[in-house]
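What TrEMBL lists as domain 'Tryptophan synthase beta chain-like PALP' is 81-389. Taken from TrEMBL, the feature N6-(pyridoxal phosphate)lysine covers 119. Per TrEMBL, pyridoxal 5'-phosphate binding site is recorded for 145, 249, 250, 251, 252, 253, 388.
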Ligand SMILES: *Cc1c(COP(=O)(O)O)cnc(C)c1O
Ligand SMILES: [Zn+2]
């Protein structure tokens, strides 16, 4: 195990700018910022990514209650705008486990959150912070799920929401959610990365509060995925999993899980050699993180052209790469790209176990299978795959991957005859 980059998480020096033991630190230059005085997303000195820091690192004993806010000792507030979220199942998949050939395979199904994706975990915290800083319009760029979550949590908080989507590249269920929850939906003639460029400009001009994962507080909520996995797996197996495999788009979750582990190491709850290996999976048509891991780069190079059926991870410029790349490297993890065919096959594998996921989610299982076949993942490993969004998010992809309906006459005897054919 290499250096986990723990400095600054131990909370031994609380800066003057801290508010109730919370502050923001630049991951590049270390400059500290007050958390809620001004609306800032990146470092005022060097434009680097910001990370929330706390006076105290959390212990498992601090956690009580249910869902995301069970982990409030690791969050900036005691409670937030909640629907409620988190507390998602860690499914057993015995047939898939045997087929893939690992000691334990569990599926953390984030599609079971209120709006059907893990984005709800980030929004319950992010919208609470928006209330704290006192803004009235929330905005995000989205491949779909962030907009659905923002629309729902914004509605719950009684705030105006604005979402920018790449025209024609968002799955039907997600647009429907954003629409019914009352977001103003702008369809941009460009890809997700262009949408994010525009919404960042709007935020910089003070037109809206940005709730993409560039906002460090979103990642605080998403850390709770890591806490839940470790708590549940340990309850069931008496140890922590060896590896967590997850789909990667903007690399927010990868960064958030890494931070959860570092905080538990800082509090002494987790030994460095117990930290699960973070293993990122991208689609072959949108794999800048895989490229950066293979070349040993500290940041990704932007892919201008991206394409994949897994629209949630159709991203060429992952904003959280500088946080996520050390997470993958320092935990001895890796990153791998899979084809759309492998993604659809994995979507069917999960469906056969009763677990319905959207294409991007199935990338985790597709990646596990590929790395297992290559011998990069051992047969003796305990693995948790993250499935990020629900099947109903993308009904078109599900119908394409599944069986076709069979037309039959309106008559029992003819239906029986058809069944016997
Ligand atoms: C947002 C999203 C992702 C990508 O997550 P990152 O944290 O941006 O890497 C993956 N799958 C689904 C279903 C998503 O909605
Ligand atoms: Zn800085």
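Here the Cβ of each residue, glycine as well, is placed from N, Cα and C on the backbone.
Given the structure is predicted, the values throughout are model-derived calculations rather than measurements.
The secondary structure of residue 252 (pyridoxal 5'-phosphate binding site), as reduced to three states from DSSP, is helical. A straight line from the CA of residue 250 (pyridoxal 5'-phosphate binding site) to the CA of the residue listed as 'N6-(pyridoxal phosphate)lysine' spans 12 Å. In the three-state DSSP scheme, residue 119 (N6-(pyridoxal phosphate)lysine) is classed as helix.
In this structure the C-alpha atoms belonging to residue 253 (pyridoxal 5'-phosphate binding site) and residue 119 (N6-(pyridoxal phosphate)lysine) are separated by 10 Å. In three-state terms derived from DSSP, residue 388 (pyridoxal 5'-phosphate binding site) belongs to neither a helical nor a strand segment and is classed as coil.
Taking Cβ-Cβ distances under 8 Å and a sequence gap of 6 or more within the same chain, the neighbours of the residue listed as 'N6-(pyridoxal phosphate)lysine' are 113, 145, 146, 148, 149, 150. One way to see the shell of the pyridoxal 5'-phosphate site is to take the Cβ centroid of 145, 249, 250, 251, 252, 253, 388; the remaining same-chain residues with a Cβ within 8 Å of it are 118, 213, 247, 248, 254, 312, 313. Summarised as a single figure, the pLDDT of the domain 'Tryptophan synthase beta chain-like PALP' (81-389) averages 97. Around the Cβ of residue 388 (pyridoxal 5'-phosphate binding site), 31 further Cβ atoms fall within 10 Å across all displayed protein chains.
Secondary structure from DSSP puts residue 145 (pyridoxal 5'-phosphate binding site) in a helix.
Between the listed binding-site residues, namely 145, 250, 253, the fewest other CB atoms within 10 angstroms of a CB are found at 250.
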